[in-house]
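Structure first, then comments.
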Amino acid sequence: MRHGDISSSNDTVGVAVVNYKMPRLHDRAGVLENARKIADMMIGMKTGLPGMDLVVFPEYSTQGIMYNEEEMYATAATIPGDETAIFSAACREADTWGIFSITGEQHEDHPNKPPYNTLILIDNKGEIVQKYRKILPWCPIEGWYPGDTTYVSEGPKGLKISLIICDDGNYPEIWRDCAMKGAELIVRCQGYMYPAKDQQVMMSKAMAWANNCYVAVANAAGFDGVYSYFGHSAIIGFDGRTLGETGEEEYGIQYAQLSVSAIRDARENDQSQNHIFKLLHRGYSGVHAAGDGDKGVADCPFEFYKLWVTDAQKAQERVEAITRDTVGVADCRVGNLPVEKTIEV
């Protein structure tokens, strides 16, 4: 893991993250113009960072937040589509992989159901190699239709990459899912605003440490007339230490080199802090000393997760018993979310 140079090598993946200014757009013409602006920025960045293998743009950077529902549906894109064609051409020209936001992607039942909040990973040949739909939209504000799974794809120089989006990153389960699928770099694209800056910076660092993985965060910056976005895009080592972090500046960039061999060596040879190994080999020192084998205990000790898998409805009821049983809150209503208990059919 190295920071401060503009290069990369056969063993290091040069990763850049961007504090893209949150755009305020209203139609597809504006979206496509902004997509071309992102493409031009990517190509320019390659001149300044010749070692750049991967560039990451934030959530909402392509379309902005459509606060008008009609505009949200009217600007929802297809994948592949006009937006991705612009990004693919830029990846080919810059000979660089890119991660881009599509908010939203048309639902299969468009326009009868809300769009998805989607990220795409495009390789340096212009091919889409991963499409991830946000599993945990930022309720109660975001009205995206939720996705249902994470992915791992082989990225530049063989580094294994997973994508997550913004509020996803507040749930340790999604990081663990990516790591246990083999992700070595988890990319968190976000359009996060104040007041939650300190919490979000802390969360990404903690999850890098807890999952023995690299983390790249690209966040929006600026003010779009509604929210103030705090930037602080960052690249974090698999030991939880920040390699490089922007401030709040619009279009700020950070860059670091992520060693492929270093993370694989750490996962194979680290012991006391090898969290993903130890989770499935619980107490192996004591188990071995007892003569009960040399693999520790693999069984899941967490009753809630067992319940969630075997009876999701009962798990939901348990959560409601310690929180609330309606999605809306009577003292602070958001939209038309119900604040009185309804019967599910």
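The chain as shown is numbered from 1 upward.
Keep in mind that glycine also has a Cβ here, set from the backbone N, Cα and C atoms.
Swiss-Prot has this to say about the protein:
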type     : residues : note
ACT_SITE : Glu59    : active site, proton acceptor
ACT_SITE : Lys134   : active site, proton donor
ACT_SITE : Cys166   : active site, nucleophile
DOMAIN   : 13-260   : domain 'CN hydrolase'
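A distance of 7 Å separates the Cα atom of Cys166 (active site, nucleophile) from that of the residue listed as 'active site, proton acceptor'. A mean pLDDT of 98 is what the model gives for the domain 'CN hydrolase' (13-260). Rounded to a whole value, the Cα-Cα separation of the residue listed as 'active site, proton donor' and Glu59 (active site, proton acceptor) is 10 Å.
Annotation note: Cys166 (active site, nucleophile) sits in a helical segment as assigned by DSSP. The Cβ of Glu59 (active site, proton acceptor) lies under 8 Å from the Cβ of Ser101, Thr103, Asn117, Leu119, Ile165, Cys166, Cys189, Gln190, Gly191, Ala218, Ala220, each of these being in the same chain and 6 or more residues away along the sequence. The number of other Cβ atoms within 10 Å of the Cβ belonging to Cys166 (active site, nucleophile), over all protein chains shown, comes to 25.
Taking all protein chains in view, 27 other C-beta atoms sit within 10 angstroms of the C-beta of the residue listed as 'active site, proton donor'.
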